[in-house]
Amino acid sequence: MRRLLFILHRPAALFGLLLMVLQIVLILFAPLLMPFDPMQADPLASLQAPSAVHWFGTDINGMDVLSRVIYATRINLLISVVSVFIAFVVGVPLGLLIGYYRNPFSHFAMRVFDFIQSFPIFVLGMALVSVTGQEIWNVAIVLAVLFIPVFARLIRAEVLSLRDRPFVAAARCSGAGDRHIMFSHLLPNAMLPAMIQVSISIGMAILLTAGLSFVGAGVRMPTPEWGLMVAGGAQQMILGVWWVSLFPGVAIVFSVLSFALLGDAIRDWLDPHKVRRSGSLGGKGIAKAVPLPEETRQAAPRQKAHRPTEALHDSSPN
């Protein structure tokens, strides 16, 4: 409870939490909140500026921008969350294995990760999507492949720093097997960086999904997707049609920002040292000295000061 209050008293964490709640509401109640069909074109309403009818205006096909931004929240977060979930489920156990065991498989896995991460992540994503296809689930799987080395390397580094600790040696001496040591001692102590990396990776996945769609290598039209909407309005920006690209771009910014702020909040939530150093909620994080009662100080025994001269005198030869 104290940790929860510590997080809630941070404005940045509260702002990220509010943004996350807003996205969840948009995902769950999108059909009720969308004023128009997000994929219904109306050529007569093409490129209308924001008004009382179309709050965010319309695009070149006459589609309502507000409805498409709301529906695209589902698409972008679905791809991002699914891809990071797959990467987490595969990467964490894999990093645990290659960090605990030192065998040819561990070296081979690390070389594969080096090969994957030697390419620019965006260029490799474009190449893989062009092979697998531009469907929603294919994009999610491609992003998962790109993020698996991130989680595997992170857990491996934590395991390497923990596997020679005294508590691991004590568990091994008590007769614990490798599986028990890995999943009962090493993995719980290595999960804090992984949990923080989850929120960071979801934000990166949102940017990659939007970027791939922006260059035409992601989700195809007429599926509502933030990067695709930004690309669709980029050509009209010089003509003064700013709303087609602005609103989905703002949605990308706030969505990524929410996961970044929540990542910091999760780090503070799970780190007991930060909560302990913070002191009381109303304090400034500085520990205050509490004086002892008078009777306690009087009852405390006083030790005689050790005088070097007496010690020298006692140790001198007669």
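Just so you know, glycine gets a Cβ as well, placed from its N, Cα and C.
TrEMBL annotations: computationally assigned, not manually curated.
Residues or ranges marked as compositional bias 'Basic and acidic residues' in TrEMBL: 307-318.
Taken from TrEMBL, the feature domain 'ABC transmembrane type-1' applies to 73-263.
Residues or ranges marked as region 'Disordered' by TrEMBL: 279-318.
The transmembrane segment annotation in TrEMBL covers 12-34 (among others).
Counting only same-chain residues 6+ beyond the ends of the transmembrane segment (77-100), those with a CB under 8 A from a CB of the stretch are 23, 27, 106, 109-110, 136-137, 139-160, 163, 178, 181-183, 186-187, 190, 194, 198, 201-203, 205-206, 209, 219, 255. According to TrEMBL, the feature transmembrane segment maps to 77-100 (among others).
Residues annotated as transmembrane segment in TrEMBL: 112-130 (among others).
Feature annotation from TrEMBL assigns transmembrane segment to 136-155 (among others). If one looks beyond the transmembrane segment (136-155) by at least 6 residues along the same chain, the residues whose Cβ comes under 8 Å of a Cβ in the stretch are 75, 78-80, 82-84, 86-88, 90-92, 94-96, 98-99, 109, 112-113, 116-117, 121, 124-125, 128-129, 187, 190, 193-194, 197, 201, 204-205, 208-209, 212, 218-219, 223.
According to TrEMBL, the feature transmembrane segment maps to 192-217 (among others). Residues 76-77, 79-81, 83-84, 87-88, 92, 121-122, 125-126, 129-130, 134, 139, 143, 146-147, 150-151, 154-155, 158, 225-228, 230-231, 252, 255-257, 259-260, 262-263, 266-267, 270-271 of the same chain, all 6+ positions outside the transmembrane segment (192-217), place their C-beta atoms under 8 angstroms from a C-beta of that stretch.
Residues 12-13, 15-17, 19-20, 23, 47, 49-50, 56-57, 59-60, 65-66, 68-69, 72-73, 76-77, 199-200, 202-203, 206-207, 210, 226-227, 229-230 of the same chain sit 6 or more residues outside the transmembrane segment (237-262) yet have a Cβ under 8 Å from a Cβ within it. Annotation comment: TrEMBL describes 237-262 (among others) as transmembrane segment.
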Against which stretches of its own chain does the transmembrane segment (112-130) lie, if we need a Cβ under 8 Å and a gap of at least six residues from its ends?
138-139, 142-143, 145-146, 149, 152-153, 208, 211-212, 215, 217-218
